[in-house]
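Chemist: A single structure is presented below for examination.
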Amino acid sequence: MLIVQPMLGALLLLGAFASSVLACGPGRGGGRRPILRKLTPLVFKQHVPNVSENTLPASGLGEGRVSRNDKRFRDLVPNYNVDIIFKDEEGTGADRLMTQRCKEKLNTLAISVMNQWPGVKLRVTEGWDEEGKHATDSLHYEGRAVDVTTSDRDRAKYGMLARLAVEAGFDWVYYESRSHIHCSVKSESSSAGKSGGCFPGASLVRTSDGLTRRLDELRLGDRVAAMDHSTGEIVYSEVLAFIDRQPEERRQFIRLSTKSGQVLTLTPQHLVPIEGKSAVFAARVQPGDRLLVRHVVTSSLELEANNETLRYDEVLEAKLVLEEGVYAPLTAQGTLLVNDVVASCYALVDSQWVAHLSFLPYRLFRSIESSLGRFAEMLRSLGSSSSRTTTTTTTVLRDVNSEPSEGVMTYASFLYSLSDYVLPKSMIYD
């Protein structure tokens, strides 16, 4: 392994220049470009985007109330920005508590307000709610929503205030009342600050021994059904790593249901091949698009094995859901069949080719490591004199290949950290 370490360093350096991609985590990015166009105020009862608050293009599903005793309460951060006035009518400081994403957008809005109206500050009338004053599914209970006004309470400014909130990056802005503007953001698990997963743990894959296995039971070294891009056929590819593996995380996924009854559940920023395109983000898959699914052609001859092929199947529904566990297995092919539907191993970057290329150094390293393992096995079989040393080496290699760790793999994190510098913004999921 001492010989492999310098080689790994060189391969990692090569990967830095190849590209950058992470399993399922959209990047928060460096903010929006300066506004060069004339801003149009929102009108009363208008919301942007023009969809329901709890849908994917907006702030997404609510993930449940957060109380002070909830473990998710640690994800709420206080906002002590002196350029923001917090009403805090409860006297508990609850209005200052919010998710990190909400805090960032609110601070950006505060700057915009001062630039738009010198001497005027942003005012928050409602933030995190722990007293149950809002509707059952309100995002105020999760620290993902704020109601804002200007410090001078000039209602003539509220339409423009709503527009400034849109430009500040809030995921959903609603001119809800004559007395305030409602703003909300995506959850931390589905927004830019998190790495995300790819598939929920209950998803199934097929292994080379003919069995089906849940993703949360999958181990490194298992061979699972995948698609060979060069032939378009089903092959069984080795699981090299888990780009992301977080068994206890709850995330928002998109559930794609097809005409034949197949269901693929994956994160919105995950790549999936559709007819006419090599791969698109799952968030962009619409009813009527066609996914590749496994199809078994039964032979009429008893001596012939059933033939596995791929065919296109129409998507009937795309629905946002909450699921437990996030898993992103990386195969040698860069693809895998999940619930008998072809999906990519990658996300975030709008190119299967670029994503697969960026992991080439890691795949080479694993190939070398595997060769060393086979070489150690050969030495062990040649004589008992070297048995103890080689057995130890082989055991170490087997441990690496069988016990996946939790969290985002280091190599993927390294690539992700370079994405803003290497790839154009048009290629990265937003």
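Glycine is treated like the rest: Cβ placed from N, Cα and C.
In TrEMBL, annotation is done automatically, which means it is predicted and not curated.
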Chemist: Which one of Glu90, Glu167 goes with Glu126, Asp129 at the Ca(2+) 2 site, as TrEMBL has it?
Modeler: Glu90
Chemist: Taking only same-chain residues 6+ apart in sequence, whose CB is under 8 Å from that of Asp147 (Zn(2+) binding site), what do you get?
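Modeler: The list for Asp147 (Zn(2+) binding site) reads Val124, Thr125, Glu126, Glu176, His180, Ile181, His182, Cys183, given in order along the sequence.
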Chemist: In Å, rounded, how far does the Cα of Asp129 (Ca(2+) 2 binding site) sit from the Cα of Glu90 (Ca(2+) 1 binding site)?
Modeler: 10
Chemist: Tell me, how many other CB atoms lie within 10 A of the CB of Glu90 (Ca(2+) 1 binding site), whichever protein chain they belong to?
Modeler: 14
Chemist: Once the DSSP letters are reduced so that anything not helix or strand counts as coil, what is His182 (Zn(2+) binding site)?
Modeler: strand
Chemist: Nearest to Asp244 (site 'Involved in cholesterol transfer') by Cα distance: which of the binding-site residues Glu90, Asp95, His140 is it?
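Modeler: Nearest candidate: His140.
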Chemist: For the binding-site residues listed here (His140, His182), which one has the lowest count of neighbouring CB atoms within 10 Å of its own CB?
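Modeler: Each of the binding-site residues His140, His182 was scored; lowest Cβ tally within 10 Å is His182.
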